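**Student:** Pasting the relevant annotations from TrEMBL:
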type	residues	note
COILED	152-193	coiled coil
DOMAIN	69-221	domain 'YknX-like barrel-sandwich hybrid'
DOMAIN	227-314	domain 'YknX-like beta-barrel'
DOMAIN	322-390	domain 'YknX-like C-terminal permuted SH3-like'
TRANSMEM	6-26	transmembrane segment
Amino acid sequence: MIKKKWFWIVSVVIVGIVIGIAVFFFRSTGSGMAGTEPTEMVITVQKAKNQELTESILATGKIVPEREQKVFWEAEKGEIVEYKATENQVVKAGDPLFVYDATKINNEYNKAIRERDLLQKRSKTEQAQISEFGKRITQAQKKASDGEAEDVNQLTSEKIQMEIQYEGTKAEITSIQEQINELSKQLKDMTVVSKIDGLVVKVNQNIEKNESGANEPVVHIISNSPFKVIGSMSEFDTVKIKESQDVIIRPKVFKDREWNGVVESISQFPDSEGGSEEMYSGGGGGSVTMYPFKVAITDDTSELRQGFHVSLEIKVSGQDDVLAVPHMALTQDEEGMNIVYVLVDGLLQKRTVETGIMNDEFIEIKEGVALDELVVIMPDEGMFDGMEVTSYDEIE
């Protein structure tokens, strides 16, 4: 009985071991077979096409009026007694804006006028007396033989004295007239006028005054002319910018709207704020000098407002009908050469390419790809020259 019992125990153990080995082998074999199944790679291609490529520089700026006039209070002119302009009023050059108290100058002006008038009357009297002396001298010379005539020498002496007095009076008239002219100019300056055609955007009747004047303008005018854009760009960009280059202007307050413009000027001198040397992310870091620029807006600016912030796309170069592919089609090999994969008759061809100009999306292919060839977009690291492709997606 004991031998029979041990026989069954050993048999069960052996059967269990055999079953375990079989299960382990089956699972290992199945796992290995699953790992050897080929994985299908998703490939997207696009035709190489001729298109216009434009290289652009991106910048930011702010909309400003063509011209503006800020008129400040001048302490030496005294108090303002009358405001002629109101906010939102359209004015022309020469229109009065406000008037200083001109009472003192006006009194001096009137006094000078009276003095001049008196001098002119005296001058006329002296002229008449000189003329009378001339007549008396002539008569005296005719009657000199009779012994009854006046003393010619005495009359001549008196005439000379009167002529000297007359010349002095003329000098006084000239002097007082110069004074009148100066006072007239001062009176005119007491009425401040607009220097430009434009819109009055601010009239401040309660400015804070000090001995030298005021920090805020009494009147602020912006011109009626189309707005412009001002900004600053790095020294690296300024060397590419030229006058009359086309600009696309995108105000940040308007989505999907554009205005056209042209580069009007780029300063030869750094920004006035100490050169505006800022940290620059390119070229290994460091500081960079900023230069002011101005862009003229060629489209209608009636919907724009002073102070709007805008993004600018400045077209610095471009060509028509160049063969180009998306940037995402380009990769590099182990030697750092630019390559693309081209799908030809179901096989991938690895090609070295020569590139040219580019924009934000496409890059020119000067050599290595022909027109309408299918170029792989976003090539995978597992791709290789001669790889077979059974299916792919083509995008326009």
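Any Cβ shown, glycine's included, is placed from N, Cα and C.
Thinking about packing and proximity, how do these listed features fit into the structure?
**Tutor:** Within the same chain, residues 71, 77, 84, 93-102, 105-106, 108-109, 112-113, 115-116, 119-120, 122-123, 126-127, 129-130, 133-134, 136-137, 140-141, 144, 218-219 sit at least 6 positions outside the coiled coil (152-193) and bring their C-beta atoms closer than 8 Å to a C-beta of that stretch.
In the predicted model, the domain 'YknX-like beta-barrel' (227-314) has a mean pLDDT of 85.
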